[in-house]
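The feature domain 'TLC' is assigned by TrEMBL to 36-244. According to TrEMBL, the transmembrane segment annotation covers 6-27, 39-61, 81-103, 110-129, 135-158, 170-194, 214-233.
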Amino acid sequence: MGIPSFQTLALPTFFFFFVSSYLLAYFRIFHNWDPKHRAEASSCFISLTHGTPAVFMAIHALTTQTTKSPSPPTFSSPNTFLHNTVLEFSISYFLIDLLHYLIFFPNDTLFILHHLATLYVFFTCRFIVHHGSFALLVLLILAEITSFCQNVWTLAGYRKADLPVAGKVFDLMSLPFFAFYTIVRGIIGPLFVYKMGVFYITQMTGDSIPVWAWVSWMIVIVTAILISIVWVFDHWIDWFKRRKAMNKLA
């Protein structure tokens with residue numbers, strides 16, 4: 001086990017970027033929204049600035065082969081410089097969004113615990129274990145590839161009561177968003193996590209990833225997957241109820 005090492009200015013730079021993005025959203029873009037939705041929309045905004053860029057950054061990092069490690073990566077391969085950069089990008093985002101919840105929604109225990117757990121996995125992988133980022137970046141892609149749809153859908157939901165166009169966007173996006181989310185988080189994600197679990201248990205990563213690390217990572221990841229499945233299942237039920245009510249009115 002190593003000690004945290006900060007070898008570049010990437011983390012503070014990304015942190016400043018997300019702080020600036022949040023402040024821009026809160027004091028300029030959504031300044032005329034009601035206080036509750038103003039804060040929530042600002043959180044969505046920084047999620048937009050993180051999600052899709054993180055997907056492309058992770059894809060680039062995963063597909064860029066290094067001369068130090070010419071062989072195909074495994075779930076226990078050393079982190080590369082690009083892998084670490086993506087991890088620091090996401091760590092910065094989750095730190096700012098965690099502060100958002102602690103300040104505006106301190107009773108939202110589920111999201112606070114989610115962010116703390118995610119930060120624990122990314123931080124230990126980046127600064128302590130220095131291995132295993134390959135699997136985490138794949139999971140990051142699966143987690144954030146739905147981010148754009150989810151944030152636009154969420155923002156539309158905040159204003160659907162007072163803006164007809166927002167209501168139309170919300171209704172139009174609901175079905176394809178839920179379907180996309182279900183495929184990614186309910187099918188592809190669990191299959192990939194299963195492969196991770198099999199690798200860790202059967203390969204026993206040796207000294208590269210300590211047992212405490214991969215066991216704790218798997219607990220966090222499996223829990224997050226289960227929460228995602230429950231979340232989308234609840235929204236499917238709500239969607240069918242709304243469709244049934246609309247059909248009765250038609």
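Placement of Cβ uses the backbone N, Cα and C atoms for every residue, glycine included.
Using the rule of three or more Cβ pairs under 8 Å, pairs at least 6 apart in sequence, the transmembrane segment (81-103) is in contact with the transmembrane segment (6-27). Among 39-61, 110-129, 214-233, 214-233 has the largest number of CB pairs under 8 A with the transmembrane segment (170-194).
Long-range contacts of the transmembrane segment (214-233) within its own chain (CB-CB distance under 8 A, at least 6 residues past either end) are made by residues 110, 114, 117-118, 120-121, 124-125, 132, 136, 139, 143, 178, 181-182, 185-186, 189-190, 193, 196-197, 200, 205. Across the domain 'TLC' (36-244), the model assigns an average pLDDT of 93.
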